[in-house]
């Protein structure tokens with residue numbers, strides 16, 4: 001067995017990913033999670049709103065419209081929040097010059113404050 005690392009890194013490079021690199025994973029993951037949650041919520045709402053209709057093309061179309069509308073809405077919302085959080089995190093890290101939990105707390109706080117300031121519930 002070899003005890004060497006799998007990847008060759010330049011001298012002085014970190015073995016962990018920085019906040020900027022993780023931002024892409026965070027944003028994409030939140031968009032996909034939001035789309036999945038929104039699609040399930042849209043299916044629930046679509047079935048509830050069309051429960052008095054017989055199974056037909058118009059009912060299927062209404063349900064499908066609700067699934068896609070809710071999926072896009074949730075993906076957009078969670079993706080936007082993830083983008084704000086990641087941007088604040090990178091800016092705070094670069095400004096302070098430190099990687100610690102305070103950056104995470106500050107980024108989350110600023111994201112929440114900005115999101116609530118728009119009047120959304």
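We count from 1, first residue shown onward.
Just so it is clear, glycine is given a Cβ too, placed from its N, Cα and C backbone atoms.
Residues 63, 66-79, 81-83, 85-87, 89-90 of the same chain lie 6+ residues outside the transmembrane segment (22-43) yet bring a C-beta within less than 8 angstroms of a C-beta in it. The transmembrane segment feature in TrEMBL is assigned to 22-43 (among others).
For the transmembrane segment (73-92), same-chain residues at least 6 beyond its ends with a Cβ under 8 Å from one of its own Cβ atoms are 19-20, 22-23, 26-27, 29-35, 37-38, 41, 103-104, 106-108, 110-111, 114-115. Residues or ranges marked as transmembrane segment in TrEMBL: 73-92 (among others).
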